[in-house]
Amino acid sequence: MRLALSAGIGGLLFGYNTGVIAGALLYIKEEFGDVDNKTWLQEIIVSMTVAGAIVGAAIGGWYNDKFGRRMSVLIADVLFLAGALVMVVAHAPWVIILGRLLVGFGVGMASMTSPLYISEMSPARIRGALVSTNGLLITGGQFLSYLINLAFVHTPGTWRWMLGVSAIPAIIQFCLMLTLPESPRWLYRNDRKAESRDILERIYPAEMVEAEIAALKESVLAETADEDIIGHTFSDKLRGALSNPVVRHGLAAGITVQVAQQFVGINTVMYYSPTILQFAGFASNKTAMALALITSGLNAVGSVVSMMFVDRYGRRKLMIVSMFGIISCLVMLAAVFNEASNNAPKIDKRDSRNFARNATCPAFAPFTAFRAPPSNWNCMKCLRYDCGFCANGAYEYAPGACVVQSADMKALCHSKGRTFFKDGCPSKFGYLAIVFLGLYIIVYAPGMGTVPWIVNSEIYPLRYRGLAGGIAAVSNWMSNLVVSETFLTLTHAVGSSGTFLLFAGSSAIGLFFIWLLVPETKGLQFEEVEKLLEGGFRPSLLRPTTRENQVLTP
């Protein structure tokens, strides 16, 4: 547990640095007008960590196989520290983007190294639970980021503190990793057999050590024979990996679960949850962040559930049940946001005209004289024209004013005791958005939240484990980049309702491919998983019946 928790701090940093931007972005927009006015700049600040993670995961796979798991974690910590310091001193958006990129390199390396290191240091019977500690710390990091966000709301330099705090766990992990050993499997593979045996004797009961070493020896001999045929360079190794049926079948399963994890839309919730809650009608930054803390906390609780059940009920079953729940919640969220949009408060023509001199939204101005506004002109229509909505002072859901969106108009609206909306509208359905976001997290976290990382730490041959794990992690981060970079654009194009419906559709596709390609690895030794994948996995529904087997057997 000491080892798993120490290595798992990489997961904590992964979670913190991806989650903290959700709250920090609200205050970065207040300090830099360009960021507030340009959706694409907000998306770049959010997604630059993801872009860096793609590179970090790609390089991390090679670095893990070349220099070891422990050294890879240490390098990731240095990158986390450098990125945090750059963001603290940022004087312009491009400096924040640079810091986010450096942190992304560390996130990418940690995302595939921490679970791999823990997995190779764990006995098979509790491997799933120990690797789940990394998932728990990822979600714990996200929860911590929301707490830190709230703690610094009233502190000068708000977002700088939020982004800079991540330097502390990076320093702690760096010091702890100096006291921990290298992976025994990596050591054995690199002809450091005495060190490997010493570490295995500290992990396994005495009677099991010889069996572990024998299995390792068999695996390494087979891989060495392959290496003599294939070659030693990176391109040779990549070609050899893709020509190996075990690796190919493992990558089909590993990439499937990593891509599916992202296209359920989870990181739109984690990166943009305060923004999503503002879409649902909670205008205050602080209120939106406090409510977002609920979803983040549920994510952490779900990871604990995963630790309890992943070695009892299996990886495959947890993911399939999780996906059914995710699809149901996404459909309900789409319905909630659709109702909220259709029932948004109407626009009061007189209030909009008399609110202040030159205050009326330009798109609505023609209707303030003699023409009656069309029936579909409500708060949501007003916001789509980049205007603001000043809610009715007496009753928030009554017709209000559609005005120019600016800091002055926001201040004037507040001075009249009214609430100013620019991202979402007053809605009686807001509480339902919180309920279904919470349910979405509850069904996501125990299955699709942690299990894809467990599966990818188990299904590749030792020689290719770093390389193949890196490829799968890159697919995860590339999918993450697509989702996070397009979320705000999608919500502007098709609305929140349409966006969640799209995620429900992509989740259904992911469910099908998980059922089709991903085997159960619960309780299996690494070498047993290799044998399972040699001939490729097929779900029981598609396997030949006993009679068909008899007919096909010569």
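Even glycines carry a Cβ here, placed using N, Cα and C.
Per TrEMBL, the feature domain 'Major facilitator superfamily (MFS) profile' maps to 3-522. Restricting the average to the domain 'Major facilitator superfamily (MFS) profile' (3-522) gives a pLDDT of 85.
What TrEMBL records for 46-64 (among others) is transmembrane segment. Residues 17-18, 21, 25, 71-72, 75-76, 79, 97, 100-113, 116, 186, 234, 267, 271-272, 465-471, 473-474, 476-478, 480-481, 484-485 of the same chain lie 6 or more positions beyond the ends of the transmembrane segment (46-64) yet place their CB under 8 Å from a CB of it.
Marked as transmembrane segment by TrEMBL: 71-90 (among others).
Taken from TrEMBL, the feature transmembrane segment applies to 96-118 (among others).
The transmembrane segment annotation in TrEMBL covers 130-153 (among others).
What TrEMBL lists as transmembrane segment is 159-180 (among others).
Summarising the annotation, TrEMBL assigns transmembrane segment to 318-337 (among others).
The transmembrane segment feature in TrEMBL is assigned to 429-455 (among others).
Summarising the annotation, TrEMBL assigns transmembrane segment to 467-488 (among others). For the transmembrane segment (467-488), the residues of the chain that approach it from at least six positions outside its boundaries are 39, 42-44, 46-47, 50-51, 53-54, 57-62, 64-65, 108, 111-112, 116, 237-238, 241, 247, 250-251, 254-255, 258-259, 261-263, 265, 267-268, 271-272, 275, 452, 456-457, 460, 499, judged by C-beta separation under 8 angstroms.
If you look at the transmembrane segment (500-518), the same-chain residues 6 or more away from its ends with a CB under 8 A from one of its CBs are 252-253, 256-257, 259-260, 263-265, 268, 315-316, 319-320, 323-324, 326-327, 330-331, 333-334, 337, 455, 490, 494, 537, 539, 542. Residues annotated as transmembrane segment in TrEMBL: 500-518 (among others).
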Note to self: Let me spell it out: take the transmembrane segment (318-337), skip the flanking residues so only those 6+ beyond its ends count, and list any with a Cβ under 8 Å from a Cβ in it.
What the structure shows: 257, 260, 264-265, 279-280, 306, 309-310, 429, 432-433, 436-437, 439-440, 442-444, 446-449, 451-452, 495-498, 500-501, 503-504, 507-508, 510-511, 514-515, 518
Next item on the list: Determine which residues of the chain contact the transmembrane segment (429-455) at the Cβ level, with the cut-off under 8 Å and only residues 6 or more beyond its ends counted.
Entry: 111, 115, 119, 127-128, 131-132, 134-136, 138-139, 253-254, 257-258, 260-261, 264, 266, 269, 273, 276-277, 279-282, 291, 294-295, 298-303, 305-307, 309-310, 315, 318-323, 325-326, 328-330, 332-333, 336-337, 339-340, 343, 476, 518, 521
Next item on the list: Mind checking which residues of the chain, 6+ beyond the ends of the transmembrane segment (96-118), have their Cβ under 8 Å from one of its Cβ atoms?
Entry: 3-4, 7-8, 10-11, 13-14, 17-18, 21, 28, 44-45, 48-61, 63-64, 69-70, 72-73, 75-80, 82-87, 90, 130-131, 133-135, 163, 166, 170, 183, 453-454, 456-457, 465-466, 469-470, 472-474, 476-477
